[in-house]
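A.B. asks: This is the structure, below, for whatever I ask next.
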């Protein structure tokens, strides 16, 4: 079984807990993917364009930016490797949702593990906006089953049950 | 054409208005990915070829605006030479160091640093140089990137009317309508502080959750690594302090700020050459020469339009809409310029408005000052409203969004739509109260 885990720098513990039932599997292969999001770079390019400058920074600045991105990606994957010894590390750059889906197909993943959104970015409580755009895209487009790794939450339950109404009132 | 035979005034006006509209539409939509400078220069060239403006008149127009051209040159050079010294990287490191491991304090420090850089080195330095540095910094610190990125790009414009040198737009407007330093500060400094406060407040509210927790400073390389040459770094720090003081003294005495900027750039260049930190061709590569073509083209196009009397009529319309009151002047000026900067770029908008405002010269001083301050305010802050200060791009984003495509610019658009109208209203009211 080939399980691809999506790391975002803050979700290793959640992924680790979710992987517990699979760890006993005999033919388990774990892949850890981290995508350097190039969205922020697009934002910077837009601002440069607005100020009538070339879209790319000076070469020295580009080198520094790339060095920072690679260092962080390697850090995050290294942390993952310490938890999942023997895992394959997959470092990508691009739009995270697309890279995850494409990598799942290329890597021939049987299962994808992803958190609904980075807990830093918004509340992780269940609700209409609890699934971020990356997880939403992956759920919609993944080439294999996807396990959405939510944090356990019992505070909001039970949800309000709508009373059933007679047919003629509908 | 008009050089060789007489054409009726009405046809001439129509031709000039048509070329101006096509030029502005071209800048707005940029067909075939043409850059703005080529479009503006093509518009100017067409006017010259058709004889709708004489070469002499075009030349005089450009020579009269030497202050703007030299200021752009000096401003870009100063920023580039300070960047070579590693000054901005060092300042960003200090911002992180004095944050006490708190992302919230780092966020506040980013705003404060952006304000300081915009104030003395212009919004370009913050948006173009500080932003990638902060991006690198927060990437290494593993903090959420977008809040910090938006903090930089927003504060670049929000803090760009603290001083006349904080935005080249201020130079374009004040070249036509000189404001003494005291009047500039009285009308725009306090509103700027208010708007900066509003900007910080809204951003803290929106990003409060993302900025929780702590970060580890040890993830960053040491501050010394960013300094390429210690002696040159110290020289740059000293020179910049002198340049900042000179800017204020020049603004106070109505001395051309462009000469201060050029002088400052020359001082820094001499240091950089002496310590072999840069070569003149390398500096040349870091400057955006197309800006000069863009501004030159726009100046010629708008000068032609001015000769038809259309800009005067537009100014009269603005005056009519304002009801001739200071309040109306501030509101009409702010809204007009802010919306205009989002239709086209803020540079052509500032040029068109300064030309149009010639017709307010017979109005009371408070109305004049209201229009001038509001034009600076709206053109400086307006670009924050939409993704790239262009409604065309927003329309495109909306279409993509409707098709459920992920668009990174959408985040910027949302934040701009929430924050900028509030800042525009607060700032405009403050300007009106201070008139």
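Every residue gets a Cβ built from N, Cα and C, even glycine.
OK, TrEMBL features for this one:
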TRANSMEM  B:12-31  transmembrane segment
DOMAIN    B:34-362  domain 'Citrate transporter-like'
TRANSMEM  B:37-54  transmembrane segment
TRANSMEM  B:66-91  transmembrane segment
TRANSMEM  B:111-138  transmembrane segment
TRANSMEM  B:145-163  transmembrane segment
TRANSMEM  B:183-207  transmembrane segment
TRANSMEM  B:232-249  transmembrane segment
TRANSMEM  B:255-275  transmembrane segment
TRANSMEM  B:287-305  transmembrane segment
TRANSMEM  B:317-336  transmembrane segment
TRANSMEM  B:381-400  transmembrane segment
TRANSMEM  B:412-434  transmembrane segment
A.B. asks: For the transmembrane segment (B:111-138), which stretch among B:37-54, B:232-249, B:255-275, B:287-305 has the most Cβ pairs under 8 A?
C.D. replies: B:232-249
A.B. asks: Does the transmembrane segment (B:255-275) make contact with the transmembrane segment (B:317-336) through 3 or more Cβ pairs under 8 Å, each pair 6 or more apart in sequence?
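C.D. replies: Between the transmembrane segment (B:317-336) and the transmembrane segment (B:255-275), which are separate recorded stretches, there is no contact, as judged by 3 or more close Cβ pairs.
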A.B. asks: Same chain, outside the transmembrane segment (B:232-249) by at least 6, Cβ under 8 Å from its Cβ: which residues?
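C.D. replies: Residues 78, 81-82, 84-87, 90, 120-121, 163, 165, 181, 255, 257, 260-261, 263-264, 267-268, 271-272, 275, 277.
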A.B. asks: If you average pLDDT over the domain 'Citrate transporter-like' (B:34-362), what do you get?
C.D. replies: 92
A.B. asks: When you scan the chain for residues with a C-beta under 8 Å from the transmembrane segment (B:37-54), skipping those not six or more beyond its ends, what do you find?
C.D. replies: 1-4, 12, 15-16, 19-20, 22-23, 26-27, 30, 290-298, 300-301, 303-304, 307, 348
A.B. asks: Six or more residues out from either end of the transmembrane segment (B:183-207), which same-chain residues have a Cβ under 8 Å from its Cβ atoms?
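C.D. replies: Cβ under 8 Å, 6 or more out: 104, 107-108, 111, 115, 144, 147, 150-151, 154-155, 158-159, 161-164, 174, 251, 369, 373, 376-377, 381, 415, 418-419, 422-423, 426-428, 430-431, 434-435.
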